Amino acid sequence: MFGVTLAELSASLGDPVLALGLAAFALLLLAIPISFWMVSGGSNSAVVTLLVALANLVLTAQLVLRWWQSGHFPISNLYESLCFLAWACTLAQLLVERSLSSPIVSAAATPMALLCVAFASFALPETLQEASPLVPALRSSWLVMHVSVIMCSYAALLVGSFLSMAVLFTDRQQTLELRSSSIGTGGFRQAKLATSAIDQNDGLRLSSINLSRTEQLDSLSYRTITVGFLLLTLGLISGAVWANEAWGSWWSWDPKETWALICWMVYAAYLHTRFSRGWSGRRPALVAVAGIVVIVVCYIGVNLLGIGLHSYGWFFEA
């Protein structure tokens, strides 16, 4: 799928938009091994943050240039939407790192943006990478409102879900019990260690370093997913209004609409377990990780099928 000939790579370098995409790919590719090295060494993640910030600036320049070339908001085909999603993921990562500057955050979040840029640059055929005129139905101000909000919601949900995945790796044999809301300061929590690790004389032992890091990741994932869920809700509502204006129907059970609703329900279940049932740690993290699969099916799977109003086209046939 990712086979790219030397001639195709040379042609990409000749197109400034595609060249900027390759530059962002190189920066993110460099950031990932450094972030994992910093996780193992416990070093500061400033270098990775700088690389991700540079990648975000490059992607910004790419989107602005494509906007200027095409004359419309650059989110009308699969290549543009993938680059926009990568831009939103890097922005979400930078915002999260303002709350917790940790190499674990970089190691968890950076691969998502890299995969988006890699898929856009190396997997898609040239016909799906080129700018094309908008079809009449997309020539609406709702394009920017609806699609950009949906893409930003995916970015926040994916970054939050990958942080939840990091919770699964850092929460070694510990179960976090929520004593107050994770939103804000995080409240008070305690750790129940595995039975084999409990000293009957000492009772409950607390590992302050591991617990603190896991707590922070757990709280950050909760807050990030909450923001993503609100954006997804806004995106679905704006999409329904747009659909009613364009086709006279609020909801048509298009494959993308159906999977977007499933995605909304998965993350609604995640927030319900956190807010109403008081879950934290591993159990809600597993729900968030399941959400990653649903987003991939909703965003990429529908396009592979090439059916429905939201499909960018079946790129295997391009």
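Cβ coordinates are placed from backbone N, Cα and C, and glycine is handled just like the others.
Copied from Swiss-Prot, the annotated features are:
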- 17-37: transmembrane segment (TRANSMEM)
- 45-65: transmembrane segment (TRANSMEM)
- 75-95: transmembrane segment (TRANSMEM)
- 104-124: transmembrane segment (TRANSMEM)
- 149-169: transmembrane segment (TRANSMEM)
- 224-244: transmembrane segment (TRANSMEM)
- 258-275: transmembrane segment (TRANSMEM)
- 287-307: transmembrane segment (TRANSMEM)
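The stretches the transmembrane segment (104-124) and the transmembrane segment (17-37) meet in space: the count of Cβ pairs below 8 angstroms, excluding pairs fewer than 6 apart in sequence, reaches at least three. Sequence-distant residue pairs (6 or more apart) of the transmembrane segment (75-95) and the transmembrane segment (258-275) include fewer than 3 whose Cβ atoms are under 8 Å, leaving the two stretches without contact. Counting residues 6+ beyond its ends, the transmembrane segment (149-169) has Cβ neighbours under 8 Å at 75, 81, 84-85, 88-89, 91-93, 96, 104-105, 107-109, 111-112, 214, 217-218, 220-225, 227-232, 234-236, 238-239, 260, 263, 267, 281-282, 284-286, 288-289, 291-292, 295, 299 in the same chain. Within the same chain, residues 150, 157, 178, 181-182, 222, 225-226, 228-229, 232-233, 235-236, 239, 283-284, 287-288, 290-291, 294-295, 297-298, 301-302 sit at least 6 positions outside the transmembrane segment (258-275) and bring their C-beta atoms closer than 8 Å to a C-beta of that stretch.
Proximity of distant same-chain residues to the transmembrane segment (45-65), defined by a Cβ-Cβ separation under 8 Å and at least 6 residues beyond the stretch ends, is recorded for 16-17, 20-21, 23-24, 27-28, 30-31, 34-35, 38, 74, 80, 83-84, 86-87, 90-91, 93-94, 97, 101-103, 105-106, 110, 113, 117.
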